[in-house]
Amino acid sequence: MERKQSNAHSTFADINEVEDEAEQELQQQENNNNKRFSGNRGPNRGKQRPFRGFSRQVSLETGFSVLNRESRERDDKKSLPRSGRSFGGFESGGIINGGDGRKTDFSMFRTKSTLSKQKSLLPSIIRERDIENSLRTEDGETKDDSINENVSAGRYFAALRGPELDEVKDNEDILLPKEEQWPFLLRFPIGCFGICLGLSSQAVLWLALAKSPATNFLHITPLINLVVWLFSLVVLVSVSFTYILKCIFYFEAVKREYFHPVRVNFFFAPWVVCMFLAISVPPMFSPNRKYLHPAIWCVFMGPYFFLELKIYGQWLSGGKRRLCKVANPSSHLSVVGNFVGAILASKVGWDEVAKFLWAVGFAHYLVVFVTLYQRLPTSEALPKELHPVYSMFIAAPSAASIAWNTIYGQFDGCSRTCFFIALFLYISLVARINFFTGFKFSVAWWSYTFPMTTASVATIKYAEAVPGYPSRALALTLSFISTAMVCVLFVSTLLHAFVWQTLFPNDLAIAITKRKLTREKKPFKRAYDLKRWTKQALAKKISAEKDFEAEEESHH
C-alpha cells in the first residue's frame, strides 16, 4: 500500500529498529535494574521486559503521549508503603517472604550477645543467610546497612516529623511491621522518665510550700511532701527497672534512642530526678542534718557530668550533630541539670563546685536559647505551631534563679533577672488558649510539667524576698497551675494505660532504615531515547514551518 506524502505543516519522526549491539546494551541495562529493584522470588523474576521497536512513522503527538505515559508510570514507583514489608523479598523483622505465616522476628533489635546465641542454632543461621542474600544487590552492596550501625542525625530529620520526631513520614519505610504489636520493652521509650521528672519536681514544690515563710499562712502539712516523695521514688524505681530490662534485651533499640536528636536529651532525666529527690527529701528523714552527704552528689551528678561532656563536645566540635543541626526545646534537659546539680552541691556544702556548675549551665543555656530563638534553617525539630514542648524554655532560667539564691543565700539582681526571663516566657506561653489542644498525648508530656513546677518554686523564693500580696498571689497561682497540670496528666496516663490501652504504641521512630530505600534509577545512555527524538522532531517541525513561511514570502 502506498504511503501518502505529508505537507509542510505535518512533521513525522522516522523511528527505525535499534541495531543489535545497541539493543543488547539496552536489554542488559534493563535486566540489571530489574534485578536490583524487583522483590519477587519466583520463576518470573528473571523475565525481561519485551523490547519495543518501531518500524513505522508516528506523529509527534503520539511521541508526546507515550512520553507522558512512561513518566506517570515512573512517578508511581517512587513511593514506598509505610508497612515494613516493602523490602525486595524481605518481610518485616527479618523474615523471608515465604508465605508460611511465620511471626515477625524482632531479634534485629536485641543485644549482640543474645543475637549471637540465636545464631548458634541452625535454623537461625539459615534465616540470617537468606536475609543477607535478599538484601544484597547485584554489585555486592546492600540496600540497607546493618541494624547495628548508627543512624545519622540527618536521617532522623529526613525520615521523621513532629516536634518530638516520633512520627514516620508517609514516603518512608520501617524495619518492623506497623500493624503488628511489638514487644512491650520495644514500645517502652526513654521518655517515660518524664513521668518521674513531673512527680519529683512536685515533691520539691510541696516541700517549699510547707517550709516557706511566704506561704506559712496556708498551714500546709509536710505529709503531702512525704506522700509525693515516696510515690515519686516508687515510680522512678519501676521505670528504671523496666528500662534496664530494655537495655539488657534490646540494647540496639536503646542505641537508636541515644542517637535520636530529641530522645538523647532524656538520658539526662534519670539523674535530674535523683537530684530532685535528694533536694526534696522529707524533713522527718533528716531532721537535724544541715548538709547532705557528698557521696549523694557524686553518685547522681557524676553520670550527668560525663554525659554532658559527650553532648557538649558534639555541639562544640561541629559535624553532623552540631548544635545548630540538632537543637530542639528538649535540649534544655541537658542544661537544666547543671543548675539542679549546683543546688545539690550547695546542699552538701560544696559552694565552689556549685558556682562552677552554675557558670557552665548558664553559658550553655544562652547558646541553646539563642539557637532556638533564631529558628535557623538547620533547626528542623522546632515546630511552627504551639506545642507543650515550648514549656522547656522556662525550665533553665527558673532553675538558674533558684540555684543562685541557694548558693549566695539571697534573691539578688542576678537571681531576679533569671526569674523575670522565666516569668516572661511563662506568660507568653500561657497567653495562648490552645496550648494543650490538638496534639496526640504522649508520656513525654510529663517532662514538660517540671518547668512549670520549677517556675512555681522560683516564684515562692521571689515572694520571700519581696513580700506582699501580689507576689504571694503569683506564687499560689503558678503552684496551682503546675499541680493541676500534673493531676490532669496523671488521670490521662491512667486512662491511656488501663482503659484505652494506648499509652505505649509501636515506637516507629526507632525502626527507621539507615538510609532511604526508595532509589531512583541512574540515567544511562540509550540507543533509542524517546525524549530525545521527540525534542528533535519538535525542532524539525519549527524549522520546517519557518522555511515554509519564508518560501511563501519569497513567492509573493
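Along the chain as shown, the residues are counted starting at 1.
In case you wondered, yes, glycine gets a Cβ from its N, Cα and C as well.
Over the coiled coil (10-36) the predicted model carries a mean pLDDT of 51. Residues annotated as coiled coil in Swiss-Prot, with sequence analysis given as evidence: 10-36.
Residues annotated as compositional bias 'Basic and acidic residues' in Swiss-Prot: 69-79.
For 86-99, the entry in Swiss-Prot reads compositional bias 'Gly residues'.
Sequence annotations record features per position, and here Swiss-Prot assigns region 'Disordered' to 1-103.
According to Swiss-Prot, the feature topological domain 'Cytoplasmic' maps to 1-189 (among others), an assignment based on a curator's inference.
Residue counts of the topological domain 'Extracellular' (211-216) by helix, strand and coil are 5 helix, 0 strand, 1 coil (DSSP-based). Residues annotated as topological domain 'Extracellular' in Swiss-Prot: 211-216 (among others).
Positions annotated as topological domain 'Cytoplasmic' by Swiss-Prot: 238-265 (among others). Tertiary neighbourhood of the topological domain 'Cytoplasmic' (238-265): same-chain residues 106, 108-112, 114, 147-148, 150-153, 156-157, 164-166, 183, 185-186, 188-193, 195-196, 311, 321, 325-326, 328, 330-334, 381, 507, 509-510, selected by CB-CB distance under 8 Å and a gap of 6+ residues from either end.
According to Swiss-Prot, the feature topological domain 'Extracellular' maps to 287-295 (among others). Long-range contacts of the topological domain 'Extracellular' (287-295) within the same chain: residues 278, 281, 344, 347-350, each at least 6 residues beyond the stretch ends and with a Cβ under 8 Å from a Cβ of the stretch.
Sequence annotations record features per position, and here Swiss-Prot assigns topological domain 'Cytoplasmic' to 317-325 (among others) based on a curator's inference. Using DSSP to sort the residues of the topological domain 'Cytoplasmic' (317-325) gives these counts of helix, strand and coil: 7 helix, 0 strand, 2 coil.
Annotated topological domain 'Extracellular' per Swiss-Prot: 347-352 (among others), in sequence order. Sorting each residue of the topological domain 'Extracellular' (347-352) by its DSSP state yields 3 helix, 0 strand, 3 coil.
The annotation topological domain 'Cytoplasmic' is assigned in Swiss-Prot to 374-388 (among others).
Summarising the annotation, Swiss-Prot assigns topological domain 'Extracellular' to 410-418 (among others) and lists a curator's inference as the type of evidence. Beyond the ends of the topological domain 'Extracellular' (410-418), by six or more residues, the same chain brings 397-398, 400-402, 404, 458, 461-462, 464-466 to within a C-beta distance below 8 angstroms of the stretch.
The topological domain 'Extracellular' annotation in Swiss-Prot covers 464-479 (among others).
If you look up Swiss-Prot, you'll see 501-556 (among others) marked as topological domain 'Cytoplasmic', on the strength of a curator's inference.
Marked as transmembrane segment by Swiss-Prot on the basis of sequence analysis: 190-210 (among others). Distant neighbours of the transmembrane segment (190-210): 164, 218, 220-222, 224-225, 228-229, 231-232, 235-236, 239, 242-243, 254, 257, 263, 266-267, 269-270, 272-273, 276-277, 279-280, 282, 442-450, 453-454, 456-457, 460-461, 479, 482-483, 486, 489, 493; these residues of the same chain sit at least 6 beyond its ends, with a Cβ under 8 Å from one of its Cβ atoms.
What Swiss-Prot lists as transmembrane segment is 217-237 (among others).
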| field | Range from 296-316, 353-373, 441-463, 480-500 with the greatest count of C-beta pairs under 8 A to the transmembrane segment (326-346) | value | 353-373
| said: Can you work out which residues elsewhere in the same chain, 6+ from the ends of the transmembrane segment (389-409), have a Cβ less than 8 Å from its Cβ atoms? | reply: 163-164, 328-330, 332-333, 335-336, 339-340, 342-343, 346-347, 351, 354-355, 358, 361-362, 365, 368-369, 372, 383, 415-416, 418-419, 421-422, 425-426, 429, 447-452, 454-455, 457-458, 461-462, 465
| request: Give residue numbers and ranges for long-range contacts of the transmembrane segment (353-373): same chain, 6 or more residues beyond its ends, CB-CB under 8 A. | output: 297, 301, 312, 315, 323-324, 327-329, 331-332, 334-339, 341-343, 345-346, 379, 382, 393, 396-397, 399-400, 403-404, 406-407
| Same-chain residue ranges lying at least 6 outside the topological domain 'Extracellular' (464-479) that approach it to Cβ under 8 Å | 205, 209, 212-215, 405, 410-411, 416, 426, 452, 455-456
| query | Near the topological domain 'Extracellular' (211-216), which residues from the same chain, at least 6 beyond its ends, have a CB less than 8 A from one of its CBs? | reply | 222, 283, 460-461, 463-464, 467, 471-472, 475-476
| task | Mind checking which residues of the chain, 6+ beyond the ends of the topological domain 'Extracellular' (347-352), have their Cβ under 8 Å from one of its Cβ atoms? | result | 278-279, 291-294, 296-297, 406-407
